[in-house]
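**Student:** Next up is a structure, given as structure tokens.
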Amino acid sequence: MTPLLFPLLLASLLPSSSCNKANKHKPWIEAEYQGIVMENDNTVLLNPPLFALDKDAPLRYAGEICGFRLHGSGVPFEAVILDKATGEGLIRAKEPVDCEAQKEHTFTIQAYDCGEGPDGANTKKSHKATVHVRVNDVNEFAPVFVERLYRAAVTEGKLYDRILRVEAIDGDCSPQYSQICYYEILTPNTPFLIDNDGNIENTEKLQYSGEKLYKFTVTAYDCGKKRAADDAEVEIQVKPTCKPSWQGWNKRIEYAPGAGSLALFPGIRLETCDEPLWNIQATIELQTSHVAKGCDRDNYSERALRKLCGAAPGEVDLLPMPGPNANWTAGLSVHYSQDSSLIYWFNGTQAVQVPLGGAAGLGSGPPDSLSDHFTLSFWMKHGVTPNKGKKEEETIVCNTVQNEDGFSHYSLTVHGCRIAFLYWPLLESARPVKFLWKLEQVCDDEWHHYALNLEFPTVTLYADGISFDPALIHDNGLIHPPRREPALMIGACWAEEKNKEKEKGGDNSTDATAGDPLPIHHYFHGYLAGFSVRSGRLESREVIECLYACREGLDYRDFESLGKGMKVHVNPSQSLLTLEGDDVETFNHALQHVAYMNTLRFATPGVRPLRLTTAVKCFSEESCVSIPEVEGYVVVLQPDAPQILLSGTAHFARPAVDFEGPEGVPLFPDLQITCSISHQVEAKKDESWQGTVTDTRMSDEIVHNLDGCEISLVGDDLDPERESLLLDMASLQQRGLELTNTSAYLTIAGVESITVYEEILRQARYRLRHGAALYARKFRLSCSEMNGRYSSNEFIVEVSVLHSVNRVAHPSHMLSSQQFLHRGHQPPPEMAGHSLASSHRNSMVPSAATLIIVVCVGFLVLMVVLGLVRIHSLHRRVSGASGPPGASSDPKDPDLFWDDSALTIIVNPMESYQSRQVCVAGAAGGQQDDEDSSDSEAADSPSSDERRIIETPPHRY
């Protein structure tokens with residue numbers, strides 16, 4: 001088998017060897033080709049044309065070109081052979097090309113021959129040539145404007161080279177079709193021109209008095225003269241001559257209580273009229289002096305607020321209401337603030353000397369009573385008096401205290417905008433120390449609260465709840481000591497012994513009053529209120545801040561985004577905020593974040609005037625602009641008033657023995673007090689609902705405090721000898737509440753939670769003295785909060801007293817029951833005007849059968865009585881001439897004899913006095929006219945649907 005295979009293999013190799021010798025050369029092509037293909041087409045035009053040459057031609061296979069190969073990643077083209085003999089080829093795109101996707105393509109091409117036979121054996125390849133194909137653009141896209149609407153503003157009377165520029169773009173890839181060659185204004189008769197770059201200018205000076213807003217349409221064309229598919233609108237606003245000022249602010253700013261922080265100028269910007277500035281300073285001033293005492297504070301009374309803030313008790317009021325026990329303030333001029341607090345006016349020529357001892361609650365007391373640990377607290381409104389020198393000292397308080405070691409002395413004075421505290425620990429040995437503060441609050445003629453804590457040698461002054469350390473401390477060792485006698489004076493001070501003669505001639509001094517040999521000087525000129533002192537434990541900073549800090553003011557919190565070079569300063573009372581910077585845009589951003597804030601849930605409604613003052617510095621002082629002042633106001637809206645609802649049992653009756661017990665009967669055993677706020681809520685729109693969607697109100701229950709409740713009488717006052725209102729005094733004192741109990745009302749005063757007031761009012765009891773003939777009482781309960789600013793509904797409770805009546809034998813035997821009164825037992829006059837409760841009538845109402853019998857018998861008796869009355873009246877008319885009215889001519893005549901013993905009068909104590917009046921009127925009408933008997937019957941029938949008892953006017957027997 002092997003000898004046969006070898007010749008066959010040799011025979012197959014011999015022809016191959018001869019063919020390799022025939023295909024001696026590889027194909028040849030150009031080194032580089034440049035091609036062009038039209039967009040959206042696939043035929044590439046090459047320069048030079050694609051031809052491949054082979055030196056083996058004209059041999060078959062070896063001299064023929066079988067094809068071309070393209071090399072490159074993602075080449076969207078292919079090469080095809082058109083003529084193998086000539087080597088002509090063609091490059092075409094696999095699919096239409098997009099110029100916008102790719103403008104040029106680069107790849108390599110290589111030709112290969114057909115080898116040495118039909119099977120392509122021993123194929124040779126040419127070198128690789130570079131092909132550059134450029135995609136020619138077609139103007140398929142129209143210009144498109146970047147904006148559909150262009151806006152600009154111009155100042156009147158000026159010609160602008162360029163007001164604004166409109167811009168259009170073209171999506172084509174070639175410069176010829178992608179470039180915008182020119183723009184055109186389509187709206188005729190407009191005083192504007194547009195150039196080929198889209199710049200718009202005015203052809204004449206525009207006037208603000210003429211047309212204030214110009215609107216026109218522009219279009220664009222590319223270099224292929226294709227017009228924009230959508231035109232653009234242009235609006236040019238004509239403004240008056242530029243005046244440097246603040247723009248984009250609102251004069252009226254509404255603030256809803258509970259809204260937190262509200263930006264005052266969210267859209268404000270400074271118009272400088274292109275004047276370069278290098279420094280801007282703005283001051284925002286919020287005026288709150290007209291709101292209570294200088295600003296919005298908690299609306300509770302001073303006493304209630306001290307309890308809420310956790311202040312320690314024990315303060316002594318040095319300027320109380322003038323009265324028998326506080327006559328030292330009688331000579332001062334008295335005013336009242338908006339919150340009804342007492343204000344005293346010191347005119348610079350008067351002062352008060354507070355008596356020591358029980359009257360003022362002061363006195364010698366323990367050794368350290370007012371020596372080196374105490375707190376002075378007061379409200380002051382003080383300004384610089386024009387006719388007095390700036391160095392004129394005015395004394396607020398002057399006090400000398402006696403203790404175990406001797407005498408100590410202190411005084412608090414103001415001079416100008418400075419406030420000074422002089423403290424002399426021991427007149428005999430120690431040296432005086434003077435603490436000075438310079439505060440703008442002292443002389444701004446506005447209300448401020450001051451609290452001075454002395455814990456010697458530390459002295460801290462609080463103004464509106466903000467603490468201030470002394471700016472300067474003097475050791476005034478050369479001051480002559482005052483007299484060694486305990487004394488306390490407000491509004492002035494007494495002169496020391498050594499300076500007595502010197503001070504007599506001063507402008508701010510007078511002779512001493514009777515009993516005081518020393519002159520008084522350094523009178524105070526201003527307002528004082530709430531002047532108190534407390535010794536021992538000092539008020540903490542938190543308590544003072546809670547009591548007297550302002551709850552409204554200017555606020556700035558955006559410090560994180562505060563630009564470089566910006567400065568922000570807020571005064572302690574938050575009524576003045578200052579901004580300073582050098583960049584206009586940064587300054588605008590900072591001013592837009594200045595806010596108003598009021599932390600009170602029930603803020604005081606009203607207007608807070610607002611003022612913005614600006615000072616600028618320019619690079620050119622000659623042409624520096626001036627920014628006018630901005631004035632506006634913040635309107636604090638009326639807060640949603642809390643609705644205090646009192647509810648419970650409004651009518652009940654109890655036996656008299658319950659009222660006569662030692663504890664009486666609770667008036668409000670199941671009292672419920674709720675506090676809620678109703679606010680406007682926008683109703684959600686239901687798509688299936690075809691009607692009108694309106695706003696509604698939603699009520700949210702809140703946790704709140706009450707500061708007073710009153711139980712008053714509806715009708716006559718209480719008779720102390722027969723009735724009284726009772727309340728547990730120990731429970732009230734434990735909670736710090738005050739009780740006022742009179743014959744007309746009972747009041748509970750003091751701030752406490754609703755739960756506590758519910759508990760206390762449920763303990764309110766009504767008590768009667770044993771045997772008191774009272775049948776009904778009405779009580780009115782009402783509560784209030786926030787110093788009486790909000791009041792509850794009037795909850796009226798009607799109380800009925802059920803009395804037991806002994807059985808009385810009736811001569812007619814028609815009715816005998818302990819529930820009914822015989823006419824011989826006329827109820828006392830006290831019963832008039834009172835009604836018994838219907839909710840507990842079962843104990844006095846007979847059964848249904850008895851009730852029917854009573855009604856029927858009563859009706860029969862009424863008919864008999866009416867008949868007798870009719871006969872009696874006729875008899876009186878007949879015999880009127882012969883005898884006195886009402887006398888019978890024949891007393892023995894049984895038909896004309898008036899038998900009172902046969903008539904039974906039944907009185908229903910369950911009916912009101914008014915119902916009985918109606919019955920009496922009806923009965924009287926029946927006696928006058930027989931034809932009105934039907935009306936009498938209706939009038940004699942009470943409206944009560946439980947029982948009907950016939951009544952006649954009472955008679956004495």
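The backbone N, Cα and C atoms fix where each Cβ goes, and this holds for glycine too.
The model shown is predicted, which means the values in this text are computed figures rather than measured ones.
As annotated by Swiss-Prot, compositional bias 'Acidic residues' applies to 928-938. What Swiss-Prot lists as compositional bias 'Basic and acidic residues' is 944-957. Annotation comment: Swiss-Prot describes 29-145 as domain 'Cadherin 1'. The domain 'Cadherin 2' annotation in Swiss-Prot covers 146-246 and is backed by sequence analysis. Residues or ranges marked as N-linked glycosylation site in Swiss-Prot (evidence: sequence analysis): Asn299, Asn347, Asn508. For 919-957, the entry in Swiss-Prot reads region 'Disordered'. What Swiss-Prot records for 1-19 is signal peptide, and it gives sequence analysis as the kind of evidence. Under the heading topological domain 'Extracellular', Swiss-Prot lists 20-848.
Map these features onto the structure and tell me what's around them.
**Tutor:** Broken down by DSSP into helix, strand and coil, the domain 'Cadherin 2' (146-246) contains 4 helix, 45 strand, 52 coil.
In this view, Asn347 (N-linked glycosylation site) is surrounded by 12 other Cβ atoms within 10 Å of its Cβ, with every protein chain counted.
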**Student:** Calculate the per-residue pLDDT averaged over the domain 'Cadherin 1' (29-145) and state the result as an integer.
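**Tutor:** Over the domain 'Cadherin 1' (29-145), the predicted model scores a mean pLDDT of 87.
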**Student:** Roughly how many angstrom lie between the C-alpha atoms of Asn347 (N-linked glycosylation site) and Asn299 (N-linked glycosylation site)?
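**Tutor:** Just about 29 Å between their Cα atoms.
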**Student:** Tell me the Cβ neighbour count for Asn299 (N-linked glycosylation site), meaning other Cβ atoms within 10 Å of its Cβ, over all protein chains shown.
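**Tutor:** Around Asn299 (N-linked glycosylation site), other Cβ atoms within 10 Å: 22.
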**Student:** Summarise the domain 'Cadherin 1' (29-145) by DSSP state, stating how many residues are helix, strand and coil.
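**Tutor:** Counting residues by DSSP class gives 0 helix, 55 strand, 62 coil.
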**Student:** Where does Asn299 (N-linked glycosylation site) sit in DSSP terms: helix, strand, or coil?
**Tutor:** coil
